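**Student:** What Swiss-Prot records for this protein is below:
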type	residues	note
ACT_SITE	15	active site
ACT_SITE	150	active site
ACT_SITE	281	active site
BINDING	134-189	ATP binding site
BINDING	257, 270	Mg(2+) 1 binding site
DOMAIN	101-303	domain 'ATP-grasp'
């Protein structure tokens, strides 16, 4: 008798719409691979009842809070249900850009200079020291919520007088916000599948940076896989990504986003432990380059669930 698989999709985070698309694609791919899979939306179904509903395994196609941040993973562990992707701690750390950066920095891995602010600090007014630290980053900077995905709440700030509005927007989505030095080179993403590192993808957005619209709505964003790196650069990138992945304790599948700055140095941006699986998504693109169909990819991700 084959396992009955729940594909968790939708949910209640800011990335609900993306997750619905991801989940629908995953569901179709699993069924194509002969898997007995069913959609479950935590917004509409009590996921504490998954076991009593007869499910033996869970494919997490949720993005953002409540699906990618360790809370759901902890619940599934208490229920004794195997699930795809990283465990509780690695999921929580990867969702938190600030703590990811602190860990990577502590491990000697390259990250862009940044300043972190809390909502309380912002509301009471920034100190001279904080203002000096922000000023030292130069312009432009990227302002982003620490625990939000899909570039939700993110802004590029090119003038000092635009910083307050960018911070206000970011603080609508989180209690902690990062202000990062702008890196001028191309962005890459590298997918990991079990023990295998897939070919890197180079991202060329039509606008000034890879925001929500460029990720999910624009047909003008260009993706290159292979990424066009020299063999030695690709090897360096893969080695960096593997170190970043293991430092956070990630497993199963996911991807890590990286920038190549004008100085020729790769800088780690963030880890994604439940990446998008839509028509614009990058893990399926990398898997295709490695000779794997979408259906084979999702079946393999499910096989890695524990």
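Quick reminder: no glycine exception, Cβ is built from N, Cα and C everywhere.
I would like each feature placed in context: is it buried or exposed, what are its neighbours, and how far apart are things?
**Tutor:** Here the Cβ of residue 15 (active site) has 26 other Cβ atoms within 10 Å, regardless of which shown protein chain they belong to.
Remark: residue 281 (active site) has 22, 275 as non-local neighbours, by Cβ distance under 8 Å and separation of at least 6 in sequence.
According to its DSSP assignment, residue 183 (ATP binding site) is coil. Taking a C-beta cut-off of under 8 Å and a sequence gap of six or more, residue 183 (ATP binding site) has these contacts in its own chain: 112, 259, 260, 261, 267.
Same-chain residues at least 6 positions away in sequence with a Cβ under 8 Å from that of residue 270 (Mg(2+) 1 binding site) are, in sequence order, 94, 97, 100, 256, 257.
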**Student:** Let me know the most crowded of the binding-site residues, choosing from 134, 141, 162, 169 and counting other Cβ atoms within 10 Å.
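**Tutor:** It comes out as 141.
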**Student:** 148, 176, 257: which of these binding-site residues has the sparsest Cβ neighbourhood within 10 Å?
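**Tutor:** Sparsest of the binding-site residues 148, 176, 257 by Cβ contacts within 10 Å: 176.
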**Student:** Give the three-state DSSP assignment (helix, strand or coil) for residue 176 (ATP binding site).
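**Tutor:** For residue 176 (ATP binding site) - judged by DSSP and reduced to three states - the answer is strand.
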**Student:** Looking only at C-alpha atoms, tell me how far residue 155 (ATP binding site) is from residue 15 (active site), rounded to the nearest Å.
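**Tutor:** That separation, Cα to Cα, works out to 17 Å.
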